[in-house]
Amino acid sequence: MENLSERFNALQDQLMNIYEAAEQTLQAQIKHWQTLRKEPVLLYYAREKGVTRLGYQPVPVKAVSETKAKEAIAMVLQLESLQTSDFAHEPWTLVDTSIETFRSAPEGHFKKGPLPVEVIYDNDPDNANLYTMWTYVYYMDADDKWHKARSGVNHIGIYYLQGTFKNYYVLFADDAKRYGTTGEWEVKVNKETVFAPVTSSTPPGSPGGQADTNTTPATPTTSTTAVDSTSRQLTTSKQPQQTETRGRRYGRRPSSKSRRSQTQQRRSRSRHRSRSRSRSRSKSQTHTTRSTTRSRSTSLTKTRALTSRSRSRGRSPTTCRRGGGRSPRRRSRSPSTSSSCTTQRSQRARAESSTTRGARGSRGSRGGSRGGRGRRRGRSSSSSSPAHKRSRGGSAKLRGVSPGEVGGSLRSVSSKHTGRLGRLLEEARDPPVIIVKGAANTLKNVRNRAKIKYMGLFRSFSTTWSWVAGDGTERLGRPRMLISFSSYTQRRDFDEAVRYPKGVDKAYGNLDSL
């Protein structure tokens, strides 16, 4: 107990000496954080041994000491990495290397030279908010190389430059929705207006594609700068398009004219083929019915002609001719004659009934009906049964998706009458993705953890990658990683199950192909 108190007091003395010396070297700041790391380690050990107080200092719970020790270790690693860069010999104060400064926006970067930026919303001086713009921002790229960038402010927000890319860490439009009602704000730096009241706008989404001419450097001039009328008109005219873009941010991408024309041609061809098939089927049915009717009417006519011919020769209606010149009386007395006549009468009745049915069926087919008696008589030439037609249509609807059709659908997939498999195949034509942005090691940890804990909730992961400037090889922004899915339902389940680490941003999208 006494030994722990003595060690704790010794650490307090070392910290007081560092604060009094106030050295502005990077080595002194590393020593400061190494001393701060020892303090929570000592308190953690004391709590583990059941000690609740060291002198006048209460011992916190182990979780608090563990968190502070980890923060100190992380700051030591960051400062030691900065010491190997070209900026190690610059003056560094306790404020520049504090955990509060390191965590302020932009988070995870060392910063110097704070400048106040005042933004007035709705032209109301009482409705104002203060922001901090840093003169210099020190950031590390994906290759663990440190860079020094200047900050600036425009009507969109506060940013720092990564090559030619403006990385915004404060957006005024977000707070305009929170604090204002008209969506207008005025930007002041050091109590001087640098941007007159402007309306809501958003920064362009493509890296390096922000062509804002109205920008202010970190150190403002004494002259008052305002947005000219031309740029203000451009901002106002672009506002509906930008609003529409934000509305479609997580939807499907707008289709090009060529893709739209190709889709319309495919649809018109499919409609033409379906119409031609239906016409050919109706023609074949009508032709078959008519030919059947003609044959039956011809047979009936021949039968009636034979009957009338026999009557004209003086035979009774019930007699029939079996051949030769035998007399009718002899034939009528023979037992085979009656059966033959009966057979002939039954054939004649069947012919008449079939002719009547054929005529009705032909009338039904001419009237547009595909069912009823006419359909039963023309089964060989008519279309298949409804059950067979449903199965055949279902197989055509649930066929596989070829590589050329992936991403070809420009419509939202309907959930009606397709089934689970049909919906998956339809959504395969426009596979959904999630793009995550953050530190490279953090994204790799997300990928490895998802492969262990969330297997089956995604399709595949990409490696970490970055945008590259168009006029050089410098990497722009934070590293990215793509996560692909088989369907929008799978993406939703993945997004609900996964908890992204702090500092990782996500966005939804879809691709024509993977």
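A Cβ is built for glycine as well, from the same backbone N, Cα and C atoms used for every other residue.
Lifted from Swiss-Prot, the feature list:
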REGION    1-201  region 'Transactivation domain'
REGION    197-424  region 'Disordered'
COMPBIAS  199-231  compositional bias 'Low complexity'
COMPBIAS  232-244  compositional bias 'Polar residues'
COMPBIAS  248-284  compositional bias 'Basic residues'
COMPBIAS  285-321  compositional bias 'Low complexity'
COMPBIAS  323-333  compositional bias 'Basic residues'
COMPBIAS  334-346  compositional bias 'Low complexity'
REGION    430-514  region 'DNA-binding domain'
CROSSLNK  K437  SUMO cross-link
| Along the region 'Transactivation domain' (1-201), what average pLDDT does this model show? | 90
| Where does the residue listed as 'SUMO cross-link' sit by DSSP, helix, strand or coil? | strand
| Tell me which residues of the chain lie with their Cβ under 8 angstroms from that of the residue listed as 'SUMO cross-link', as long as they are six or more apart in sequence? | G477, R478, P479, R480, V504, D505, K506, A507
| request: Provide the three-state DSSP residue tally for the region 'DNA-binding domain' (430-514): helix first, then strand, then coil. | output: 24 helix, 28 strand, 33 coil
